[in-house]
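Participant: Dumping the structure here so I can ask a few things about it.
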Amino acid sequence: MGRVIRSQRKGAGSVFKSHNKHRKGSPKFRAIDFAERHGYIKGVIREIIHDPGRGAPLAQVVFRDPYKYKLRKELFLAAEGMYTGQFVYCGRKATLQIGNVLPIGTMPEGTVVCNLEE
């Protein structure tokens, strides 16, 4: 087979290992339920977090659970212009503002979109 010569060994580098111990979690939208399909649900941005290994900050949004007496925390990718204490509305009938989550079919043509998820 032959031998890997010295100059090839010197340029190889080590095996890269990502430092993912301090990651905050995977950001995703809420699961679509009855409230989002037929109206909207309101949440509050509690804090904006830096996630190591990611270029964009994360927003921790707290929603009231529609079925149980508890709060649900969700991680969203923070759009430019979002701030702590801001109300975020998710659903078909939510207004078109920065941070709100709507189906793409209800937005007017030419709307600037930050995060798209199927």
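Heads up, the Cβ atoms here are built off N, Cα and C, so glycines get one too.
Per TrEMBL, the features are:
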type	residues	note
REGION	1-27	region 'Disordered'
DOMAIN	11-90	domain 'Large ribosomal subunit protein uL2 RNA-binding'
COMPBIAS	18-27	compositional bias 'Basic residues'
Participant: Looking only at residues six or more beyond either end of the region 'Disordered' (1-27), which have a C-beta under 8 A from one in the stretch?
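Facilitator: Residues packing against the region 'Disordered' (1-27) from afar: 49, 51-54, 58, 75-77.
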Participant: Please list, for the region 'Disordered' (1-27), how many residues fall into helix, strand and coil according to DSSP.
Facilitator: 5 helix, 0 strand, 22 coil
Participant: Return the average pLDDT for the domain 'Large ribosomal subunit protein uL2 RNA-binding' (11-90) as a whole number.
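Facilitator: Mean model confidence (pLDDT) across the domain 'Large ribosomal subunit protein uL2 RNA-binding' (11-90) is 93.
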